[in-house]
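Contents: one structure, followed by commentary.
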Ligand SMILES: Nc1nc(=O)c2c([nH]1)NC[C@@H]1CN(c3ccc(C(=O)N[C@@H](CCC(=O)O)C(=O)O)cc3)C=[N+]21
């Protein structure tokens, strides 16, 4: 069996055009465009890749894109002051502080300082708690994008066995919450999990978010399973995921490529979340 390739670029393009339509309606209703502020502290390779595509996509969707750069040695207080100013800025609907932050900064304190209503990353404890309790929340972009890709393969996920590999606050934990909300039976595996291959061989859905290049082998995949690869690892061989694609594509039913899978969905979902935050702030209907 050879898996079908899930075209994240195409699904993301559709979502982006839906967001652009929603932005036009929002502008007609409110007389303004949604605004997204991205804050970068220092230089990080992954963050720079992300920011390049994101700025273009924000403007293409008809939104206002604002970028703030602080030097790598900036004081925490300077970043906190910037976040406070963006919280108070009526033209800004979404605030994204690029992670990772330099090690002298307290990332959790910064995330907690963002107005939860402008937290388009969905990383604020208020949004994490709302997601976990089933309340309306801004949902982290990467897991939301993964869910949309899964839905493009499985109109219903109810009762399926899902294994999320990775337990980060950014991907693994919110991904597990979303899958639970879809009535999957969810396992979160991580570096201390015993016999990961055996657990994966029982999984209808695998979401790989470990950050180890090509760690998950093809013969760990259940025949016909759907594999979502969140990994973006730069290696000598180029950009690779957390899954050994060449092996897994021979066994899986459907699989995301790297690049062209989850990455483009993360950016499209960021635009979606920015429109959602703007609609909520202005009390107009969110069309998506
Ligand atoms: N607060 C915060 N939120 C984030 O969401 C966040 C962050 N910080 N820090 C950095 C990481 C990284 N990230 C990516 C998103 C999309 C692609 C992406 O679109 N990748 C394309 C192209 C990759 C390429 O060609 O280099 C692809 O996978 O097809 C990559 C990386 C978001 N991040």
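Note: Cβ is positioned from N, Cα and C throughout, glycine not excepted.
Because TrEMBL annotations are produced automatically, they should be read as predictions rather than curated entries.
Copied from TrEMBL, the annotated features are:
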type: BINDING; residues: 166, 167, 168, 232; note: NADP(+) binding site
type: DOMAIN; residues: 6-121; note: domain 'Tetrahydrofolate dehydrogenase/cyclohydrolase catalytic'
type: DOMAIN; residues: 140-280; note: domain 'Tetrahydrofolate dehydrogenase/cyclohydrolase NAD(P)-binding'
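Overlay of TrEMBL annotations on the structure.
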residue	record	Cβ within 10 Å
166	NADP(+) binding site	23
167	NADP(+) binding site	18
168	NADP(+) binding site	17
232	NADP(+) binding site	20
Q: Going by DSSP, give the three-state secondary structure for residue 168 (NADP(+) binding site).
A: coil
Q.
Using a 6 Å cut-off on Cβ distance, which of the binding-site residues 166, 167, 232 come close to any atom of ligand 1?
A. 232
Q | Local backbone state of residue 232 (NADP(+) binding site), from DSSP in three classes | A | coil
Q | Residues 166, 167, 168, 232 binding NADP(+) per the record - widest CA separation, whole Å | A | 16
Q) Averaged over the whole of the domain 'Tetrahydrofolate dehydrogenase/cyclohydrolase catalytic' (6-121), what is the pLDDT? A) 95
